Amino acid sequence: MRQVTERNAMRELSRAWRARGERIGLVPTMGNLHRGHLELVERLARRVDRLVVSIFVNPLQFGPGEDYDAYPRTLEADLNALEGRGVDAVFAPNAREMYPGVEPPWTGVDVPALTQTLCGAARPGHFAGVAVVVIKLLNIVEPDVAAFGRKDYQQLQVIRRVVGDLDLSVEIVEVPIVREADGLALSSRNGYMDGEQRRRAPALYATLCEVAAALEAGRRDWSQLEAQACRRLEAAGFDAAEYVAVRRCDDLAEPQGDEPRLVCLGAARLGAARLIDNVEARLKR
């Protein structure tokens, strides 16, 4: 496993693999790796000849007052975690390498139908920054397939839309959420919580499961379900329930009539930790 820090070196390595007819996979991360990231790595390693994991804390997707400076940088531990897992290269550039010689505002990518609601409303500009860095990574590594986790469900749909709309030649693979035994979705930000906050945190998943169960049992009063769920989160000790929302799976639009599948999404804060999660509901026709 080699570590690459320069864009041109990563391009040359990928193109050498491609010239030999090898299939390339990419797992984009911001580091501080946990079992959820390693699941992405292991799933993709079985499908490709060469696997690249990128580790880059992308400044473009952090807004003013967010945790860019505080976000954990654990490169040595991450490299150790990736050893022996079928990873051929770790692409770990710094911000100057990824965004050389330019000052903001950078070129943006706008997906208005998917980015102005839910987490996009709470974090203006976040998904534009995600889209830019993902496109850059895809252009640098030139993978045949890239893996993203379902936990960041809105991000996953934004990336799928960008790849489709811009005719990018890459397959996007969705990997299921990895959870703790009590249901909490694994996240690099879970470490922000103290012991009491960590004990409260599984209520987000439990609440979304209740919403999904109500939908599967026949309830269709979306707004009332969402409001009840937010009240439950606040009663469970969350500092703020940013949203609980029932949406169509593909475009995150509000449901219209009968839908075979819906996704229940939520975001809530416990101290410095902003937790997100989602649960799918399969509806009876």
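Cβ atoms are placed via backbone N, Cα and C, with glycine included.
DSSP assigns His37 (active site, proton donor) to a helix in the three-state reduction. Non-local neighbourhood of His37 (active site, proton donor): Val27, Thr29, Gly149, each in the same chain, at least six residues away, with C-beta under 8 Å from its C-beta. What Swiss-Prot lists as active site, proton donor is His37.
Residues or ranges marked as ATP binding site by Swiss-Prot on the basis of sequence analysis: 30-37, 149-152, Val178, 186-189. DSSP classifies Arg150 (ATP binding site) as coil under the three-state reduction.
Less than 8 angstroms from the CB of Gln155 ((R)-pantoate binding site) sit Cys119, Phe127, Val130, Phe148, each of them six or more residues away in the same chain. DSSP classifies Gln155 ((R)-pantoate binding site) as helix under the three-state reduction. Residues or ranges marked as (R)-pantoate binding site by Swiss-Prot on the basis of sequence analysis: Gln61, Gln155.
Taken from Swiss-Prot, the feature beta-alanine binding site applies to Gln61, supported by sequence analysis. Listed in sequence order, Gly125, His126, Phe127, Gly129, Val130, Val133 are the same-chain residues at least 6 apart in sequence whose CB falls under 8 Å from the CB of Gln61 ((R)-pantoate binding site).
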